[in-house]
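Pulled from TrEMBL, these are the features on record:
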type	residues	note
REGION	23-98	region 'Disordered'
REPEAT	178-212	repeat 'PPR'
REPEAT	283-317	repeat 'PPR'
REPEAT	318-352	repeat 'PPR'
REPEAT	353-387	repeat 'PPR'
REPEAT	388-422	repeat 'PPR'
REPEAT	423-457	repeat 'PPR'
Amino acid sequence: MIPGAHLPPLRAVRALSARLGPSRHLYSDGSRNGGEGPSDTVHSNGGGVREGEEEVTGPDAGRFPREMLLRLPPPGGPPESDDDDGENFAPGHGPRIRSFEDVRLEGDRIFRILLQDGPGFSARQALDEMRPKVSNALVREVLFRIVVSVDSVNRERFPRLAYKFFVWAGQQEGYRHDTSMYNLVMKVFAECGEVKAMWRLFEEMAEKGLPVSARTFHLLICASGKVGLRRRLVERFIKLSTFSYRPFRNAFNAILHTLLTIEQYSLIEWVHEKMILEGYLPDVLTYNIVMRAKYMLGRLDQFHRLLDEMGRNGLTPDLHTYNLLLHVLGKGDKPLAALNLLNYMSDVGCVPNVLHFTNLIDGLGRAGNLEACKYFFDEMVKKGCEPDVVCYTVMITSYVAAGEFEEAQRFFDDMLVRGQLPNVYTYNSMIRGLCTVGEFDKAFSMLKDMESHGCTPNFSVYSSLVSRMRNAGKDSQANNVIKYMTDKGHYLHLLSRFGGYRRC
């Protein structure tokens, strides 16, 4: 039983996270004056996509992003409204396969007609003559084709084509655009940097009384780069009577959750303040989001104040609250406090799962406490939690970062034996580790093996390997890696980042 277990849950948790000093070894009574929170600056590209980024340097190099480990799913699953803008569009099953194939073929014909639009050819007239049966599925198919086809050459032309088709479809008898179709056109505009056009569509939706969704907000907030514009958008959505914020409790939670997914932590603070001023009571989800923002901004004093406030308001932590607390304790190098919290969770019926252990291990790994990482990994297995690819990757990365590649290799081998397939982060860490011990040929071989195991290297993997080879004076091998990348057709638009390389 943990100290203070007779106290109300939040007070006990608060005591653990604040009063038990950091301990380098699991059962040591000594303490250090180490920082609890992250010292790194939070960066975001708006959509949270990291696929094309350059190699991250510093203490967090190659680590699994905390944003992914600490993510919060929306309550109760997907929204009730039809908010699919086509990004997850897939063919149906059984008897619907035939109709999907018909839609695909008809969408392909329309897309080719649109590409011909210009002087001497009217796409609108050709569509009138074609007389397709317009439906949500067909409009989605055409717009989605445009979205995935946008590149630097056509990004000025494609928004006009998308809008021309959108207007034409909306004028056809028996058909009316819904929210998801507006979202998909906004997606085309967003890909092409047409922010003003997105706002005009948003205004049109409001005029027609169409419900706007969390996805609509997400598209607009990502495209609206200036802080002032983003705040204006938040205020507009809060007051919007047609904002369909389900499954969230209120509009504020829907907005806060979206801001969390795009890592707008400072804006989360502002929205939270506005929420309180307007008399809305935070729930557990609200606290989880705002505490996560405070932690990511390094404001641990405010983090703890929110935790106290949560208890005073009679709210009980959920699995996601504990997940965040365990990561904070790990990053603050407080393994004893973390152990007590895990025991407390079991006592109150909130049994820790593999994600809780993984977040704790990730925090401890960032703090450099490998002894505690290994202890909690073993404890997890003893408790019947099967480590997944993310947990193994966190362990491997921690050992690589500490220069203990043999241990990293042991975990990688064990992972394969247990049937867990490595992901891009696992391979990146292993390639990094092989480079640190001078095994550049093996590192290149592992890069080649990735695709045979169904895992496409991201740019960070290539960048990491090339830079480490060059730093070791292996310029010829580095050029071979770049050539391999170009031969595969990967990241050709990022080739200029490899200074000094010339394609033959």
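Even glycines carry a Cβ here, placed using N, Cα and C.
In TrEMBL, annotation is done automatically, which means it is predicted and not curated.
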Three-state composition of the repeat 'PPR' (318-352), taking helix and strand from DSSP: 26 helix, 0 strand, 9 coil
Sequence-remote partners of the repeat 'PPR' (353-387) [C-beta within less than 8 Å, at least six residues beyond its ends]: 24-26, 34, 59-60, 63-64, 66, 69-70, 319, 322-324, 326-333, 335, 338-339, 342, 345, 394-395, 397-399, 401-402, 404, 407, 415, 418, 420
Predicted model, mean pLDDT over the repeat 'PPR' (388-422): 96
Counts by DSSP class (helix H/G/I, strand E/B, coil) across the repeat 'PPR' (178-212): 27 helix, 1 strand, 7 coil
